[in-house]
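Positions annotated as transmembrane segment by Swiss-Prot: 106-126, 155-175, 367-386, 419-439, 856-876, 883-903, 928-948, 972-991, 1006-1027, 1040-1060. Per Swiss-Prot, the feature region 'Disordered' maps to 297-356, 1160-1220. For 312-325, 337-356, the entry in Swiss-Prot reads compositional bias 'Basic and acidic residues'. For 475, 477, 797, the entry in Swiss-Prot reads Mg(2+) binding site, with the evidence type similarity to another entry. Residues annotated as region 'Calmodulin-binding subdomain A' in Swiss-Prot: 1100-1117. Marked as phosphothreonine by Swiss-Prot: 1116, 1165. According to Swiss-Prot, the region 'Required for basolateral membrane targeting' annotation covers 1118-1220, on the basis of similarity to another entry.
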């Protein structure tokens, strides 16, 4: 039986014999050969390696690298390798050019209508009827000044020019947004690091710097950034479903299947691999390339053609695509992101699986509101056109009895075009295109600022969803506590030491067991390094619990590194790595005499149950009976736990040389009959700022629950220190076992009614598995106990937390302690792992909601007034007092600028003083409705007074009933100017939506707001004074300006009057903007949702989706929505995010398919799914045990089959900061 020690001896010469490739000679293996090798599987690959290279060390020799020392790190050598084998980077799809974005913006239905109308108007304006026919054709140019008749073309030209401005602004918005997304994307990529060995040193380098020949260390939770071949492994199991579609975890070993592929997840174990392919040459890169090449064609083809195309592809690729469809993770792997990722099979995926997540609260409400406004606008514009046409026809041909003359036809058509333009103007005004822009700006602004608050938002909508959070299920370690662990108590040689004992107090043989057991039975990647600054604390690298144990040895004046030098990792005979099911780790050593010794460490109650002996005060082993164990639990473990300490038991077992060798793959038979060495108590202090943060959450109506793997007494003590539990309160603390027993029926099935009896009072879930966390989150979300559906946020750091993170409305992954898999499944990454950052996310989320409401209050006031003025003015005077060009200015510029001004208000602590809005609370409250109607009333009175009596007051000519191409009138200019200034001052009123009186409070904290208000005012002066005919404006005098400003400022005084009226008295006021209820959506619309909302656009075209149902269906306009079409949005897969307003972050690059993983969790079936494990039943023993462990005790098979349809961020701010 060979073991790894033999391997390391046999090849110990390799590292010395290999020199770095600094000369110009070629490598002994080509890129093509490596690619061909990595396409083989298991035994085929093994045979090829043996036939062509001897073994993996032969490949290392040809790649001029050392399996122990790695590459030297010489820059010239690294450059040469990149030149020969490529960079670890997949080039993203080219961004759309500015001209492409302009063309997209031109596709807007309303703009097209306006363009056609303007062109017709322009063409007809050059027609003059024959002399003498003017009188017969009606008043076309009567009363015009000399030469004015020839300027009829200006209005058409001005509309065209306005459309050009709109298109350019829209395209520029798209372009800048895309640029911003790409910047965020590159930031993520730069911050993503992986552990490699260079020059004998273990270092972390950016994923993009990994090159062929690097020796990479892989561990539980990693997402592999490149293809490689295993050099050494401990119980390594990989989830390859992202490439193969096979959900069972694949065991990797030197003698069975040594190939490791990029984009796959390490679900268990650890090891080292030599990198053999990177970037576009890796298996995932090859798929990306194929998808990228076919991406544009596929977009144009329908489903059937796509299916045929897929059938034609060769087996391997078909297999990979299938895998992608099933899992979605392949394309999302964070290290190698590319926009091509999710395009190919997205539609197939979404049809196969309905979305698991509902649309976000805000998106649902906005969608419904948009539909209502769109329908109302369409109706008003249609009625306006019909009334104008009928009035003109009846007046001209019926009342005046004029004949229809052929030469007058162009004149009549000009009238009809004018009426049509007025109708379109009403529609333009009615639909608040600024709304999607406000949503985008608000979320984008928030996301940017949240980075400073240590929240890296991967899915835009998660930011807004956090504002509605009603429950947070938080981990304990590192989130509520500092994750700096130290051993502070110990039970050794039958004595309970309240502080770390002196080494002299411990019998030498017990000390020897302790030192060897801790040194070899902690991951070799866990270590304690000297402090970075003088006088600082030593740096803990790797698993923090293991670092506490290594620190314990240093306190005992022993050096773990000496033991590791003597017993290198390659010499470990067998390792049962830690996972969330085992809650322990065991390492087997083979002694020179042929005997074996196993060291185990883990949760004290678990390891103690396996102990049959204990080391006594004199260092001898004595029998350890159940009652002795109960005594230790009562006198040692419970007192430690009640002080908030985590207890770890250390034990060992000897296998004498004469006895038959055990069946190493049967862990239950191996890790039993142990001898207890010691029990240690590890302290992890509560973060000092956490109790105050939890108090804020509770005040804000958010319930905080702790979900931890620690023992229940430790968990209860920490929960009390944090303020989650208070003395005398009637709340539940349950262990995972007890929780499962209470929520399952006699058949072992989970029942929602049972969960509903528990979760409202549950505050602490201890000794819980990731499955328990997922069950709890799902139970709370699916519950119907409360009126409102709960909105749940969850924190997670482990590989198996993925399902819970995905199921939650918002998943938070730990940026420091979190695994790649957890980060990939999350919506927000906490870059400081701190609970207080979650509270900041709540503040920002609520602020987004408020920002949208502020904008709505402002926008709807503008819309109500403008529509009524345009409609009534058109019907009474046959002309809109507000011209098309003026309305485009009000609509585009003021909407855009107002959305920027109101959407960038910073959050305040007062946001945490009220309860969550809830899923059914309308966007427009009764107070807001009071403000909208109140201000609209004031503005309408002012506008109509000016319209019908203004000429007398100012002693000027009336602008009413002007002929077709009349010059601009002072009268209508005053109406327009006053209208705009009223909006400007009302923007200040709109800053407050909860009835506050001081609308100026904090106004100077928002420089953007002040700049925009002043800037808009300056532009308005220019338009009025110098706009002339194109803007239908006439210069105004100082007096007229002062009156306009006075009437505008009146809105501030009127606002004070409105705020004094109690809303409760106004019973007639209704709320608006409720969320869409499920029963309101017809089935075909649901199907449409799957089509539209689950697609890649979900992520990127969040704004468009907002309006899809309503406005797209009734073919009305939404011009700024197209601004959301940035190329990032195109063809992106949906990030995990909830379906919510726009995933800022979602570049395909940042994305992960959000669909819910199919986990054979025990809540789905009574027994655990062991079919897969039977299929993979352990093979006959092989010489190298180190690579062949199978956890046959418990099979936790997690299929990461992510349905494409759930939301997922592929990743742009799939999204954003720490190493994703």
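Glycine too: its Cβ is placed from the backbone N, Cα and C atoms.
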Between the stretches 106-126, 155-175, 1006-1027, 1040-1060, which one has more Cβ pairs under 8 Å with the transmembrane segment (928-948) than any other?
1040-1060
Sequence-remote contacts (6 or more beyond its ends) of the transmembrane segment (883-903), Cβ cut-off under 8 Å?
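114, 155, 158-159, 162-163, 165-166, 169, 421-422, 424-425, 428-429, 432-435, 437-439, 441-442, 445, 851-852, 854-855, 858-859, 862, 866, 870, 972, 976, 979-980, 983, 987, 990-991, 1006, 1008-1009, 1012-1013, 1015-1016, 1019, 1023, 1030-1033, 1119-1120.
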Quick one: which residues besides 475, 477, 797 have a Cβ within 8 Å of the Mg(2+) site's Cβ centroid, in sequence order?
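For the Mg(2+) site the neighbour list reads 476, 478, 479, 483, 708, 795, 796, 798, 814, 817, 833.
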Would the transmembrane segment (1040-1060) count as touching the transmembrane segment (367-386), if touching means at least three Cβ pairs under 8 Å and pairs must be 6 or more apart in sequence?
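Between the transmembrane segment (367-386) and the transmembrane segment (1040-1060), which are separate recorded stretches, there is no contact, as judged by 3 or more close Cβ pairs.
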On the 0 to 100 pLDDT scale, where does the region 'Calmodulin-binding subdomain A' (1100-1117) sit on average?
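PLDDT averaged over the stretch: 35.
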Count, for each of the binding-site residues 475, 477, 797, the other C-beta atoms lying within 10 angstroms of its own C-beta, and report the residue with the smallest count.
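Each of the binding-site residues 475, 477, 797 was scored; lowest Cβ tally within 10 Å is 477.
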Provide the three-state secondary structure of residue 797 (Mg(2+) binding site) computed with DSSP.
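Once the DSSP labels are grouped into three classes, residue 797 (Mg(2+) binding site) ends up as coil.
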